[in-house]
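Structure record follows, encoded as C-alpha cells.
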Amino acid sequence: MSGVIGIYSNNAVSPSLFYGLNSLQHRGQESAGMAVFNGEEILRKRAMGLVIDGFDEETLAELPGNIGIGHVRYSKAGGAHDYNIQPVMGFIGGETIAIAHDGNLVNYQLLRARLEEEGMMFQTTNDTEVILYLITRYYESDIVEAIRRTMDVIEGAYSVTALMKGQVVAFRDPSGFRPLVLGRDGDDVIVASENAPIEIIGGEMTRNVEAGEILVIDETGIHSYPYEGENRARNCIFEYVYFARNDANLDDINAYTFRRRCGEILWKEAPCDVDLVVPVPDSGIPSAIGYAQASGIPFGEGLVKNRYMGRTFIKPTQKEREMAVKLKLNPLVDVVRGKSIVLLDDSIVRGTTSRNLIHRLREAGAKEVHMRITSPPVKYSCYYGIDTPNRKNLIAANQTIREIEENIGADSLAFISLEGLASAGKKEISRYCTACFDGDYPVDPTVI
Ligand code: SF4
C-alpha cells in the first residue's frame, strides 16, 4: 500500500506536495518522494522514513516548479531499499517522465522477466518500473495511447500519478482496487489517493477517478479518457475497514460512516451483555461508537494509543510485532478495572495484537473481554497491494472461530458477516473486492 498525489498549480507546488503527502502518511511510512517540473526539466528528491524526516524547507526550496507528483511508500513488492523509493524516472520521447504508483501488479515477475530478456536493465525491484518501461516503450506521441497499451498488458492494482513536461497524468486500474480522487483548489488541480490532501491544501474533492479512467491535466484543463472495456469496478473493501483515513470519501462511501455502521451491524449480528464498549484505536473507534449507540452500552476509551508509531502488522518478526503492540497500545486501568468489556477491532490477521491486548486488559483488571471484529475472518492473502501475510500465517486460514477465540483468550469472539460488511457501504457485494475473506480474486493472481 502506498499513497500518491499529483498537483497542477499556478504556484510553487512543493509545499502543497509536502502537506498532501503528510496527510497520506498512514498509507506508507517507509519512504517518501517528490518530483516537480521546473519549466525545463523534472527535479526529484526522495528519502527513507516519514515525509517530515525527509523533507524540510531547504529541500522543498530545491524543488521549484508549479506541477509535481509525490509518493509515500509502504513496501510489499520490492522490499525496503532506497533504490525503490518513488517516484521512479525514465525517458519518454526525449523528455523525462516520473511515475508514482499505489498497488501491486500480479504479473510483475512475468513482465519483468520478459523485459529483461529483451535487454531492459532495471534500477529497482519494484513493479512501478515495469509500468514506466512499458509506457515509454509504447509512447509514440500520444501519452493516452501509450497508457492504454500498457493497461492492456499489466494486471492487478494500480492507481498512478505521472509527471511529464507540462502535464500531470493519472490513471486507475479497471478494477479500481486502490482509490484515486480528483479535486480543485481554484484553478489548481489535485489528484490523490484520498481526499484529505485536497482539503488540507485548501481545495475540494470534485469526484473519484473512475476505474480504468485516464486523466491528463495540462494548461488547457482536465482531459478524461474513460475505460473502453466492460465496467468491472471491484473496490478494495479493506480500504473502508482499515486503511483509509476516517475522513476519506472513496467511491461514494465515507470511511467513518462505513465503520460506524459496521459497529451497528455487529451489535445486531453479535450482541454482548457487558458494561463497556471499548475500541482498539484508531480505526476501531467509529465502529465502537456505532456498537455503543445501537446497544445503549456506554462507550469507554480503555486503551491509550502511542501516536508516534507505524502500523503493527508491518513489523517483520514475531518478537518485534509483540513489542510494537505493547508500545503502541496501553490499557487504561481506571476505565477497565472491574468491568466486563467488548473490544471492537477492525481485523484479526495473525492474532498477535488481539492476544496481547486481551491479556493486558485482563492484567489491568477487566472482568471479561469479548471481542467483535468489523471484518470477516481474513483467510486469503492479498495480491493487490495490501501486505497481508502468507496464508500459513493467517490465523483464520488455519483455525476455526472457536479455536481463535481460545487462542487469543477472549470470553467470546464474533466477526461481522460478509453481507453485513457489504451492507455497511450500501453497495452490492459484487462491487467490492472481498478476496481476502472469500478467495474470490477479481484478477487472477496465479500469473505471478
Ligand atoms: Fe482489499 Fe482484500 Fe481485495 Fe486485497 S484481497 S484488494 S485487501 S479486499
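Including glycine, each Cβ sits where the backbone N, Cα and C put it.
Within SER283, SER295, SER381, the residue that TrEMBL lists together with ASP345, ASP346 for binding Mg(2+) is SER283. Here the C-alpha separation of SER283 (Mg(2+) binding site) and CYS236 ([4Fe-4S] cluster binding site) works out to 16 Å.
Recorded residues CYS236 ([4Fe-4S] cluster binding site) and ASP345 (Mg(2+) binding site) have their alpha carbons 18 Å apart, per Cα-Cα distance. Least crowded of the binding-site residues (CYS382, CYS433, CYS436), judged by neighbouring Cβ atoms within 10 Å of its own Cβ: CYS382. Checked against ligand 1, the binding-site residues SER283, ASP345, ASP346, CYS382 give CYS382 as the ones with a Cβ under 6 Å from it, listed in sequence order. If you take the Cα of ASP346 (Mg(2+) binding site) and the Cα of CYS436 ([4Fe-4S] cluster binding site), they are about 14 angstrom apart, rounded to a whole number.
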